[in-house]
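One structure is given below, encoded as structure tokens.
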Amino acid sequence: MNNMNIIIADDHPIVLFGIRKSLEQIEWVNVVGEFEDSTALINNLPKLDAHVLITDLSMPGDKYGDGITLIKYIKRHFPSLSIIVLTMNNNPAILSAVLDLDIEGIVLKQGAPTDLPKALAALQKGKKFTPESVSRLLEKISAGGYGDKRLSPKESEVLRLFAEGFLVTEIAKKLNRSIKTISSQKKSAMMKLGVENDIALLNYLSSVTLSPTDKE
């Protein structure tokens, strides 16, 4: 089996440590870089001979952003780099939008010790990886009748930040878009999800996330 060079990006040092220790148990994996913000990650990518990037969805870095914005930048400028998203965000609408970016895998942090090795093994065989836990979450969209009303990546990014507690003005600044654009994208997403106000939106985002009984 060919060796796989991997970069890890997460803004929590303890998470970086845990992932690295887990990957060190796989003899054909080499960790060639670790970064805590997107700016350092992007600045160093050209210098590293990496096959795979394992990155958190929410990560600081003013210049290149995070989440879907960062992933799209990497896909555009480093097309040969495989991407596995590691995230605490278990909202199915957002996970669906991330998968639409044609990444190689997505892993919830709750299941990372088990699912990351599986994702890398799938990559070795030229396959993509979606764990059962994520597949179950995505089924909730279809069960709720929203399967034919998929959020666009930009709408998903706005909802992700809204769910994290950011105001529309703060989201606009973070994503370098106008307040009017952010408001329009938020409204469009709400119409697709069938919710009429912010309280209903937050209730929806909460209700379709992973419940304790769903965790593996």
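Cβ from N, Cα, C; glycine included.
Annotated in Swiss-Prot:
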DOMAIN    5-124  domain 'Response regulatory'
MOD_RES   ASP56  4-aspartylphosphate
DOMAIN    144-209  domain 'HTH luxR-type'
DNA_BIND  168-187  DNA-binding region
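Non-local contacts of ASP56 (4-aspartylphosphate) by the CB criterion (under 8 A, 6+ apart in sequence, same chain) comprise ALA9, ASP10, ASP11, HIS12, VAL15, ASP66, VAL85, LEU86, THR87. Taken residue by residue, the domain 'HTH luxR-type' (144-209) breaks down under DSSP into 44 helix, 0 strand, 22 coil. For the domain 'Response regulatory' (5-124), the DSSP counts in helix, strand and coil order read 56 helix, 27 strand, 37 coil.
The average pLDDT computed for the domain 'Response regulatory' (5-124) is 90.
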